[in-house]
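Read through the structure below, which is laid out as structure tokens, and then see the notes.
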């Protein structure tokens, strides 16, 4: 019978697997019970209590059964069970836990709010990922837990018609495949390590037995030598028996020598097996990306480090063998004392758990790297600390990626906030600018109030410009991208740039010899160049050089070789370099955030670079910053390269002026102040206006009064029914209906002429009365597409 203890002098591989499994399992049982309670507490307010309590109690019962099984194993009860029996019962209880967690898919069918769904999916993902470290010692056991846990959830997500659920389902499949692959790799490493451990024990025992045999043989030889000397003394007194005794002893010695030679050959074979085992171990560790090390605790001595350990620390192994405490000298000063204290305390009073250390090092070449060190303490039979082993991993790149992800998420959140604020401001500014223009038309030229109204109008225009910059940052402004020769745009701006930055700064152009074409909004691209130039000017208050260069670059130079892309398209790099004061790392991390500025009050809004950031990303590109204090700054803008257009666009024909209109317009706007202003402007210019505050009221107005309308003027973003949906419904009654959308922003703005019927255009808020009337006249007097 396989006892579930460590008293077996030579356990087989399966027994060793069961021992490791039962040693790791308490963590998984505790995590299952605690996470079930936490999830129940989170879902308490959105899930009916009876099924929720039934589910939690069921998981707790399974956890109790697993805990009882672990306790029985440690007490070896029942004693008649083999390792296979213990493994079989653990598989049964673990699969029950997997089915229990998988049954939580019932809560997702209750249409609980999205945040609670995400919390539940996060907990289930965490339970699956945590099972890798606990269950992967037995790969079938891991599958019996992970598959029942994840498949019901994936089935629910893929059967849902919600696009978000389908995306999450796809991500869940990738996550399950990655976790299964990790568990399989981890299982292979653990089994290989266990086999090496069993081989090492067997070889050590065989070597000990052979050594004892050799020792016994040496004792026999020593005794034989002694006996021979006694015989030689006796021979001096017994010459008659000399020949016979010498012959007998010589034969005995020959046999003993033969036995000794056989033992020596056996010892050599044992040594060869040991060297072969060491070779396999070295092959395994030499090909790892993680550093592996072994050391003696008392006295301190490094016994082995693999090549990856040398690469991580930038030092040869011989340095560590000579000075076991050398690694502490290269720990960053901020971490050195804490790491040394924790390390020494663990060796002095072992806790029985693996020690995880996270710290920075300064390599001999000056590089600062983040290190994750995992140490295991090995004890002697008497419980004293014997040897130490560990795995050292360079996690610098991983931490940098985490920082980049956090920064991207922060910029996305700030962008959403900026876009929402800009949308509300645009409605307000439409009213302020509109009524300012109306008042200016009503007031006489000599009126003393004209100055005050003009000041209100100028302040509103400045606010509208700031709102436009917020929309540019949030990537929700309306762009009109066309194919542009970047070099022509730069040259056309040179005169403005020279007057803008001043004579104390020289401008150097280093443009690619060949024309470089990009697709972007011409006005916004000029805004990018101007903002970058102004930013460079402010960094060179005492003069310097502003260099503008362009070059064609590959996709890999922009996104790296790991970027997923099915196209081999090229990019255009626009680089603006100054010889100014440079940017420190703390400022560099925030320069694209809206309203962040290092300039004194009154000299900047903090929206210049955030506007550049939004325009570039909305145009399908990206922007990078390279800077060091005292060494200047380089801003690099990357935009996708496009094919030059073959034909020029026909010139736009200006619409002849009209004094008044006679057409009928249906105005739909949910903001009362904007609706009142718009209908006043239209009626002042002779149009007949019917008003509605939303799409449903507009449809009801059409049905009740059998109205005929020439133009639908509607807000794009409205509660209940948006402007696009309203236009589609009205076109079922008015096939040639013309539509003018207006909005502060839209995540999916209409493109002029993209409708299958009728004619459509867009008016950006805030707008002036002149802009509104001009757009209305243009669309009313345009020819509808066939």
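Every residue, even glycine, has its Cβ placed from backbone N, Cα and C.
As written in TrEMBL, here are the features:
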- 277-350: domain 'PAS' (DOMAIN)
- 355-407: domain 'PAC' (DOMAIN)
- 420-643: domain 'Histidine kinase' (DOMAIN)
- 664-780: domain 'Response regulatory' (DOMAIN)
- 715: 4-aspartylphosphate (MOD_RES)
- 20-40: transmembrane segment (TRANSMEM)
- 52-74: transmembrane segment (TRANSMEM)
- 86-109: transmembrane segment (TRANSMEM)
- 121-146: transmembrane segment (TRANSMEM)
- 166-186: transmembrane segment (TRANSMEM)
Ranking 52-74, 121-146, 166-186 by Cβ pairs under 8 Å to the transmembrane segment (86-109), which is first?
52-74
When the pLDDT values for the domain 'Histidine kinase' (420-643) are averaged, what is the result?
78
By DSSP, what is the split of the domain 'Response regulatory' (664-780) into helix, strand and coil residues?
45 helix, 27 strand, 45 coil
